[in-house]
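All remarks here apply to the structure that follows.
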Amino acid sequence: MRRSDLRDGAVLARTELRAQVRRIAGNRRQLVGVVVGLLSFGLFFPLTFLSQVLTFAEGLASGAPPLARFGTILVSVLTVGVYFGAATAINQTRVGAIGPLVRTSIPPEGVVIGRFASETLQATAFAVVPGVVLLVVLVVGAGTPLPALLVLAASLPLLVAGLVAGRTIGATVRYLGLLSRLSAWGKAVVLVVLAGTAFVGLQTAIPAVMGDDGAPSVSALLPGQPLQAYASVVAAPLGATPRPLGVAVAAVVLAAVPVGLAAALRIESALLFDDRGDQSGDQRTTSRSVPRVLAATPATRIAWRYLLRTRRNPKLVSHLSMVLFGALAFAGSLVSQPELLMDLGPGAAVVAGSVLAGATFCLNPMGDDREQLPLLLTSTASTRHLLRGRVVGGLVVGGTVALGVGLPLGLVSDPPLRVLGRTLLTPVVLLAAAGTALGVGAVVPKFERSEYMNVERAHPSTLGTLTYFFGTLVVVGIGLALVWLSVDGGGGPLLVGAWIVYLAVLAATGVGGYRYAVGKFDRLTIDDV
């Protein structure tokens, strides 16, 4: 690596960071979302660990530092570093379509260094505020800044080593995906298997992490307790007895940074030079006629085309990875509590189906068709048929999950009346969810292409997506609770009134979202994109 590569990388990193700041500052909604996210995560997240952090700080200042707890904290820091490093390698962000120009303007090593620096800073920006808050709490709990400074000194090398190791792992995964020539569906299956294995392993290891039921801590499970030994070296000024193993661990951590960085540079340079590109979404398929069941109206025929496009290229719904991870988390919890499948499975299927009904095709209805917008806006008097087609496509996907999974589970575990009530509620919440998603997509449309989960397209707004996801969870959960009260708790004027209000809210959000989207996109012009 030459000094000029470092200089070129610094220029690229500053340019990309400046462009990101200008892009966020120029969009009021995005600026508000970033500020709210930073403040809420930075303030509320540390407060959930307030008592544990204060107890840990008191232990550090007591003259006998709790090395087991210290080691577990260092495991968490290392895990966070690996996660952010891998995420920056897989979810690389770019501003504008300047990739080819950047690749030829400076050496590949400079490109890799610049992107690593800018993407790492962007990814870890959300960790700065909670990190500072936690350090302040440590100072307050210990009554002196020395323990907080030592925790920071111990955490930073592990965090940097984790970032570099994660970046290397993520770049390796991307390169293997390029070399494998797997189809998009094949890669999706591999992702589900790997993520499912990770979630199951996490659920299995939770007792070890929390120390529940007499299980040892994670740090104690590792051979030789290396991170506890590392903590003993750092906490020596506080009264801990340093262990030789800790010195060796510190040396390994420091050596891992340049070694991992060199490996990441080589792998990502190879990715830049590889001209094969990702062709996993390019499949040679023959045209298919519209099935008779979906050939009745223009909206149903449009829905079939969206479903067919998604079957050919699942990258079009890459934004549903949040739903996938939520489902995998629920599946992982079944390892320790298998009875949850029958207790919560039917309702969870309805919730998941409702989320999918709107999230699959409705959260960015016109942004998905950005390349065809000139044709769409000049060939039809209204966008209502296009929007209805997206709604029908989402209902097919969401209904398959809600009824195809929830109904069989309910028939096995629930009384017939509860199954009937949930079945009657399902199409209502699916329609309301799809209409609401159209409204959200109209409020925060996204036409600019960006890269997420290694997929470059006009992804839905992150703020809009999260708002829709959590709002759907709450609203559908209330509906399921009303069904349960109606069947098991008996009727009454109060319950009838609750149903009237609930259905009115569903109608207002669903119909209102649809009508707003139609009006908004009927007024859309090419200049607005």
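Placement of Cβ uses the backbone N, Cα and C atoms for every residue, glycine included.
Residues annotated as transmembrane segment in TrEMBL: 31-50, 70-90, 123-142, 148-176, 188-210, 245-267, 316-335, 347-366, 387-412, 424-444, 465-487, 493-514.
It is 148-176 that, among the stretches 123-142, 148-176, 245-267, 316-335, forms the most Cβ pairs under 8 Å with the transmembrane segment (70-90). When each of the listed stretches 31-50, 123-142, 245-267, 347-366, 493-514 is scored by C-beta pairs under 8 angstroms to the transmembrane segment (387-412), 347-366 comes out highest. The stretch in closest packing with the transmembrane segment (316-335), judged by the count of Cβ pairs under 8 Å and taken from 31-50, 245-267, 424-444, 465-487, 493-514, is 465-487. Put simply, of 123-142, 148-176, 245-267, 347-366, 424-444, the stretch with the most CB pairs closer than 8 A to the transmembrane segment (493-514) is 424-444. Non-local neighbours of the transmembrane segment (424-444) in the same chain are 29, 350, 353-355, 357-359, 362-367, 387, 390-391, 394-395, 398-399, 402-403, 406, 460-461, 463-464, 467-468, 471-472, 475-476, 479-480, 483, 503, 506-507, 509-514, 516-517, 520-521; each lies 6+ residues outside the stretch with a CB under 8 Å from one of its CB atoms.
Sequence-remote contacts of a segment are chain residues at least 6 beyond its ends whose Cβ falls under 8 Å from one of its Cβ atoms, and for the transmembrane segment (347-366) they are 306, 310, 317, 319-320, 323, 326-327, 330, 373, 376, 383, 386-387, 390-391, 393-395, 397-403, 405-406, 409, 422, 425-426, 429-431, 433-438, 440-442, 445-447, 458-461, 464-465, 468-469, 472-473, 476-477, 480, 517, 521, 524.
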